[in-house]
Amino acid sequence: MRFNTCVILQPKASSVAEQFRGKVRSSGEVGLHSNRKPINEPQTHRVAERKAKMEDSSSKHIPENLDDPPNSRLFVVTSRCITEDELRDSFSRFGGIQGVWLVKDKQTKEPKGVSYVKFAKSSQACLAMEEMHGKVLLEGTKPIKVFIAQSRSSTRHRDVEDEELTRIFVMIPKTFTEEDLKNTFREFGDIEYCVIIRNKFTGESKGLGYVRYYKPSQAAHAIENCDKSYRAILAEPRSKNNSSEDYSAGGTRGGEYSSADSANQYPFTTPDQGSYAMLDLRQSDFTRSLMMSTRAVVTQEQIFALFDLIPGMEYCELHRDSYGMSKGHALIRYNNLGSAVYAKEKLNGFEYPPGNRLQVSFYDDGESPAGRMATQFVTAQIISSVWNGASSSQMIKPAGYPSVLSVPRVQTDVNLPPLKKLAPSDSKTKERLFVVFNPSTLPHDVLEDVFCRFGSLIEVHLVPGRKVGYMKYADKQCADEAMAVLHGRIVNGVKMKVMLADPPREESHKRPRTY
DNA sequence: CGACGGGACGC
DNA sequence: CGACGGGACGC
């Protein structure tokens, strides 16, 4: 036992956050410091299988990786007369000490009253900080101050605040509520609050969240021990926010749409939702009205039924041109812009009756600046959202709607089964297909349209910048059938190789618990 | 040939 | 205020 120093622990506040970190003014210097070499801590290295070479132990480390893992090193301000052994003894009860180092003056070799204590884990360092800060180690000396050491590469000279050590940033299922988040992470410590990052307009979770603990050791414990699939890391402080967060067309910033909730309308166009309330276009007849032209014989009832497939139609009238029956045009109006844009997207070029392509355009032909803006805006949302899973399929009428409307978008040399619903996005993937496109990739929505038809499709994933993608299926047989039917086929002029995907890179993660 | 792996909060 | 050592793997 090298416990020959009487360590006096003065009971004080236990939370670092509450404690006063007063200045230490060490006056006299008692030239008592240990000159012995650093002692090898029983590290958990498994270097055993090396050539027998460096067996003479006591020559190596002070830990090489000073900041590995992050926040595992303490910066300790003490009396100048503290020894390395005394420090080590004081902190060893928190476990995992990898090194203790007293800073000394370069010239005089006198200790400067500051030292570093390296732990194996951040949680150990944090706990030691919380417990030891403010303690009096040597009778008659000032209480010590204990901080997480700045990383060696950092040039900052500020103390690391608890604020930076108590909030973690995690990836969670989109279905998680704040309650779920709290229930998941409270096993690691007392939680001050949980926040889920949501789409500001729709409230839809982005699958990311923050958990604020009361103590750094709790946050560290969570990061070290929570399921790896949460990818927990320390959250960057909010204050020094990245200066450039632009909301404009930011490329991969998709997903800014809502899920359906109200019965007969597209949620992103409900009048009381602010998406583009600023463009006061919702009540404009022009931007909600479509013109349909046809050369074939159609009846008022047929056209009505067709455009009524899109929710929100409030007016539809067919006008026959002279000498009836050979030509006609119809005026259709919806009660919201989104429905009108969607109807145009889906029905323009649609063959009805078969062999006859309908022409559908905006009544104002999209020529007004406001109309163009609105069209672009809503179209962008629709393209990425319509076929995007269970929530959006709610707004599609169950009978016939999808299969009828998707016809003009996809041309292929194979007879496709009708559209099927996507599997819920949190379904477990049972099989993945790897698809190579030649000469170029296909749009996401087209692929979803094609690959969903065998059932249980969870998600289409296109690899950015590559001509390949992955199709995730919740059912193996569905995936196999898709592969059998689609391999080597041509969709919209693009030939596809459809293969089983290699297993994803091993990451030994358990799946997130589902409560 | 043709391979995935991610992340940020209205002041 | 109170901040960064000693010593050198071996293809």
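Even glycines carry a Cβ here, placed using N, Cα and C.
A quick note: this is a predicted structure, and the numbers were derived from the prediction, not measured.
Sequence annotations record features per position, and here TrEMBL assigns compositional bias 'Basic and acidic residues' to A:43-64. Per TrEMBL, domain 'RRM' is recorded for A:72-151, A:166-240, A:283-365, A:431-503. What TrEMBL records for A:26-69, A:240-264 is region 'Disordered'.
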The correct DSSP tally for the domain 'RRM' (A:283-365) reads 23 helix, 27 strand, 33 coil
Its residues classified by DSSP, the domain 'RRM' (A:431-503) shows 22 helix, 29 strand, 22 coil
Residues in the domain 'RRM' (A:72-151) per DSSP class, helix first, strand next, coil last, are 22 helix, 26 strand, 32 coil
